[in-house]
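Colleague: Dumping the structure here so I can ask a few things about it.
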Amino acid sequence: MKYLIATAACAGLVLGLPAHAGDARFDYYSYSGKSQESALAKPAPGQFVNPVISGYAPDPSITRVGDDYYLVTSSFVHYPGLPIYHSRDLVTWTQIGNAIDRPGQVDFSGMKVSAGLMAPSISYHDGLFYIVCTNRKNFVITARDPAGPWSDPVTFEFDGIDPSLFWDEDGKAYIVNNGAPRDGALYPGHRAIWLQEFDPATRSMTGPRRQIIDGGADLSTKPFWTEAPHLYRKDGYYYLIDAQGGTGEQHAEVVFRSRAITGPYESYAGNPILTQRDLPEQRAHAVGTAGHAEFVQTPDGQWWSVFLATRNYGPDLYNIGRETFLLPVTWKDGWPVILERGKPVPFVAERPKLPPAPRPAQPLSGDYAYRDDFTGRKLGLGWMSVRIPAATPYTLEHGDLVLKAGAEGIGDVHHVPAFVGRKQAHAIATVSTALRYTADRDGDRAGLVAMQSDDAYLFLGVQREQGRDMVTLSVRKTAQDPRQGRVLARAPLAGAGQPVYLRLSIDGGVLGASYALRKDQWKRLATGVDATFLSTKLAGGFVGTVIGLYNEK
């Protein structure tokens, strides 16, 4: 590993308006991303590329209304939360809203980044969209328009996580979810699937609560973390699919069926119907962690599945989180199969037999780039903060994003940092911005942050040290590191408040940092920086890296 130290001259391009002391004025945010497997993922006519939603987009849930498909994913304590996506061909998705977009809807106070909103399930019935989800408790929200606004949550009192709402042919509705086994856990990770009727008129549960799956097909094998259940009805059977093995390398999807919704449920002899756990860990361009699936049927009767999986740059190493993949469902002897055991999840597959949608100006899959010049009235739907700010921490003015300083920095779970970011969607990515900033006192800093968790993040920007402004690169790898991290490289600036360009260049688990005082005249601050600490494997949790703009007082 080599770190380069550079000295900045007092010269630069004047960017926009001067920043008031303590405010950070950002001129733009630029992102360019490329997939490591791009050479393999070259679709022919009639094919599509996986994942269909790149980057941090886990636990996908999908529903169809006519010719339109709507999808929601987990967002944990990032806000706005529960992003809503729309497609007409199952391949080309655009974000149309966020179901959680008002401070009063949920409370994230005291929560770490990977707590909060997880495993939502979206459905549609009688003119109304429903999402059931888990935060501190399980809850339901509704909307006439999936783009919003969505209602305030109505909470349930049953325990467990991962609720899913099923509408039966007789008009009755049921919620299935993960919960503790009725007779107590027999081993670590022993969970059960529970069923109870839901009354849509009162948004409440009714009738007895029944355990319909205890651990899995065979308790003697100690199946663990049975979760994310979904129910379907086909050809006289109720089919229950759920995830097992935890959302890691042992992840898998399994299926059961019964003639009655209350069971007993028979396990498919060919389970699991989706997994990557049998493949060599050292394989190149590995897709891992496949599971947490949901089915959808097209108007002509095709069955498809969305599910989460990861694109690894090393053994179980990925920084960008769990992503949304798509594959067809094949029915064999009355059982659904997503992928035959032992086969790798393909990067390229045959498209659904639906009219293909044009590639949008802001795609969500494949290689792409974008630039936000902050010329609108508000930030786009892809921007997010960490937890819920009491007031919007930024303003958009004169083509700049002005970010007010936050008194509490990243790592303080009881407060909200002054941070707005977007997800890193590719293993190979470049992010840059231009900043004008004058610190008030030592320790103040503003710039770019790549954040995986409260305890694992990287900072590149301007920081006041001993009365002098410096360009610094610092990392916090674990909770044992100082909250502001450890400085890896620094370069002195000759004057306060001068415009500084900042750039992060990422390639899997390696990162480089550059800065410039004039446009495109980049100076290397550090190369070969180990970025594996931003991986889920080392940082823990369930999210992906979010890279954004930051101001700390």
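Yeah, the Cβs are placed from backbone N, Cα and C, and that goes for glycine too.
Nobody curates TrEMBL annotations by hand; they come from automatic prediction.
What TrEMBL shows for this protein is this:
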- Asp59: active site, proton acceptor (ACT_SITE)
- Glu227: active site, proton donor (ACT_SITE)
- 371-551: domain 'Beta-xylosidase C-terminal Concanavalin A-like' (DOMAIN)
- 1-21: signal peptide (SIGNAL)
Colleague: Which chain-mates of the residue listed as 'active site, proton acceptor' that are at least 6 residues away have a CB under 8 A from its CB, listed by sequence?
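Modeller: The answer is Thr73, Ser74, Met118, Ala119, Pro120, Ala228, His292, Leu308, Arg322.
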Colleague: Note down the number of other Cβ atoms within 10 Å of the Cβ of Glu227 (active site, proton donor), including every protein chain shown.
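Modeller: The Cβ of Glu227 (active site, proton donor) has 24 Cβ neighbours within 10 Å.
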Colleague: Could you give the mean pLDDT over the domain 'Beta-xylosidase C-terminal Concanavalin A-like' (371-551), rounded to a whole number?
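Modeller: Reported value for the domain 'Beta-xylosidase C-terminal Concanavalin A-like' (371-551) is a mean pLDDT of 95.
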